[in-house]
2 protein chains.
Amino acid sequence: MFKPFCTRRPLLSYQRLFSTSLQCKKAERQAILVKTPKGTRDYDDKEMVIRQDLFKSITKVFQRHGAVTIDTPVFELTEILSGKYGEESKLIYNLADQGGEQCSLRYDLTVPFARHLAMQGGKEAQMKRYQIAKVYRRDQPIMTKGRLREFVQCDFDIAGQYDPMIPDAEVLKIVSDALDTVKVPFYIKLNHRQLLDGLFQVCGVPQDQVRSISAAIDKLDKMPWEDVKKEMVKERGLSEQIADRIGKYVLQQDSNILDILEKDEVLMQNEDARKGIADIKLLLDYLDIFQVKDRIRIDLSLARGLDYYTGIIYEAIQTEVEGLGSIAAGGRYDNLVGMFAGTNKRGQPKTIPCVGASIGVERLFSLLMARQDIDKVKSNATQVYVISVGDGLLRERMQLVRELWDAGIKASFMFKNKPKLEKQWNVCEKEQIPFAIIIGKDELDNGQVRIKDMRTKSNQGGGITVARKEMIDVLKDKLN
Amino acid sequence: MFKPFCTRRPLLSYQRLFSTSLQCKKAERQAILVKTPKGTRDYDDKEMVIRQDLFKSITKVFQRHGAVTIDTPVFELTEILSGKYGEESKLIYNLADQGGEQCSLRYDLTVPFARHLAMQGGKEAQMKRYQIAKVYRRDQPIMTKGRLREFVQCDFDIAGQYDPMIPDAEVLKIVSDALDTVKVPFYIKLNHRQLLDGLFQVCGVPQDQVRSISAAIDKLDKMPWEDVKKEMVKERGLSEQIADRIGKYVLQQDSNILDILEKDEVLMQNEDARKGIADIKLLLDYLDIFQVKDRIRIDLSLARGLDYYTGIIYEAIQTEVEGLGSIAAGGRYDNLVGMFAGTNKRGQPKTIPCVGASIGVERLFSLLMARQDIDKVKSNATQVYVISVGDGLLRERMQLVRELWDAGIKASFMFKNKPKLEKQWNVCEKEQIPFAIIIGKDELDNGQVRIKDMRTKSNQGGGITVARKEMIDVLKDKLN
């Protein structure tokens, strides 16, 4: 169990997360404002160790499930992104018009993946792919909560024509496994776009308002029902009566919600609703086999803002730190590839059904940072530091370090002609280098070196003396 | 020894490298142009295996030399990039003005690194860092030569106040080691900005024209002397006499060039030239110890376009494929951090001397692609495919694959209720999955599974039969 990072080590977290703005003040005194752009930040060497470990463990889960990876450009043609993100489209970064094509920074990894699939022209109609890469949103940044304008997404998607709910179940298993690797407690909210559509139809929402009402409902995790209702009625022009009917459904928090819905005769006359419920039931059956069912909570108020979802949708909510929001989300999007792929020879649209999820690694990174004493993280891989006693011996140290490098040993030395012994020890300590090789006049004269294990604080004197030509073997032995 | 990719498998390389434009034609028939922006491209799963292996081997070299990594945003405030790239500045991508700060995509990783160092406020006055990340240049793309508008750079830099030429020598050792890992034959052109400055002074180039003449000289690897001279005289307003004097120096291709320069009494009276020559001589001494000296060719025509270099400069040229250009480049830039860091309490500028290099991985990737039969690359990590004989057995397959996943084994199954046996074998073959686990009614009844090694083409029948509860252990044994 770990504690919310905001209470455990407030100052350091704050400092790290707000490093941009802290530096700002200093920079403002200078002629040129030296900072990163709003909502972006650098990650230093120790933070990068945490991040890369996180990416690596998530990648391991993705690969365990047979995924390959692809890479796509950071920017896309603007029209590729148009009409895919609903009300969020205003947050897209555009490139300046410098002649040539109009481009925008990618907003997620899903639309570029669909564009990539469409460009394969059916060659890759089946694919399990993961991608770990940066995306861009001109949102109001909340750096403490890991909400940045430039942030990394870890996406996993399964594309292909398969039997219902089988790949969907694997995606949820993957989300679950990935979150388990960082040992964060969570549950998964689950809903179905078709169930939601059916429900809206039954309540009397006009077809052309479904997307808009959906977007309002999606705010229920941040706003009380009264405010959402007000928005639907006042801003989106829904009748109060219809809004109340919707409320009766989406506010239900019952673990037997599916049973309740199935007894709702009006709802069950709606084909979309029936299809949605049947899908969820089949999915839960498969999730039981995958031992993920306990994590699932059906939540009719989950709507997801993006336009492209067509089937089940989900969001993983961590329960450790309050107010940090969801840490993974996704759903099925069967028509997105088709929007790019055009039609086949018979004039039928070429579609590739897809289902996927995105892991919110920036928020996981915030959680991991809170658990860690960042100063203790070793960010270099150096195994050996070559130290001289006495007269500098620069050329001799260079010769020695060259032999180590060429033997594949990670080694460093001080870039000084005559470094002080103490300063050399300090580097060993600060950089947490486990071994020192020490040479002085005596060792040189006798064709020897001294090897000292820096991790044993006990007085072991000057280390052990070995013949120069045995140095590599002795070291390799110690390093294994 | 590998062959130039343009002759060895022209069609495939061409197809892959030009996939963007090939797809274009198909896409144009549709309402929306489905392609990646000009000068950018996707990398598919098999190409990503080659790329990630390449990045991994270069990272290994960087880490062997004690480097840590950092991450910086893809875009910077525009004024951070201003005035750093000389005549190349016009190639910078700007973001559209959507309110707020004016930003540009990073042009290299060096300026962001200097900005990062400056923001540390002296805390990290010493650092060996590597960064592997994308940069952006609105250049005319030549996709076949790995010249793209979005491309990856692999940078290694050493920041800190050290004794002369020691870190410089390590950077060149690293370049050499990194290129050796991909077994590409190369040599390194070396020059020194101060030597070049001194040489220009001695020839009579006015101080305010030094940068401009430098940029012209830098084109000597692409243009004959006559054209460069014409450019200096006609376009840049240099007198013909001075141009000829410069020519006498920079056209010299002699392995004893340093000796020749040292006998040049006029040149040796110039302080900058003397300093440059002394640096190079010391560097060569160190490079001899590091066993890199043989790779070096002093080349007075090497100027490097970028504004920020102040000391030695270098470019690694591969000698395998003609016309592919340099595959690594860099130099010393002692004043760049100071441009961001402002002054200390006593009003003195805070400087952090730096030296570094950038490995041209896109060009190395082109070379590697040419060596590889890309179709034979296995892009997934899957070890086991779970196959059913007979009645589909979906739930049983799901149960089995869940056990494998939870035991850390990379496993897949077909997302079908009743998959055909042949199609399941085909996946095994196509995805190069080494083991199949087969279940049918008999196996289920007897609490057994069959394990088949798919790599042995010989007739081994249906594989070996093992008890279901021993399956994980047997598999783990086979996989090790």
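A Cβ is built for glycine as well, from the same backbone N, Cα and C atoms used for every other residue.
In TrEMBL, annotation is done automatically, which means it is predicted and not curated.
In the three-state DSSP scheme, A:Thr110 (L-histidine binding site) is classed as helix. The L-histidine binding site annotation in TrEMBL covers A:Asp108, A:Leu109, A:Thr110, A:Arg137, A:Gln153, A:Asp157, A:Arg304, A:Tyr308, A:Tyr309.
What TrEMBL records for A:39-375 is domain 'Aminoacyl-transfer RNA synthetases class-II family profile'.
Taking each Cβ in turn and tallying the other Cβ atoms within 10 Å, the top scorer among the binding-site residues A:Asp108, A:Thr110, A:Arg304, A:Tyr309 is A:Thr110. Same-chain residues at least 6 positions away in sequence with a Cβ under 8 Å from that of A:Gln153 (L-histidine binding site) are, in sequence order, A:Asp108, A:Leu109, A:Gln131, A:Ile132, A:Ala133, A:Lys134, A:Val135, A:Ser358, A:Ile359, A:Gly360, A:Val361. In the three-state DSSP scheme, A:Tyr309 (L-histidine binding site) falls into the coil class.
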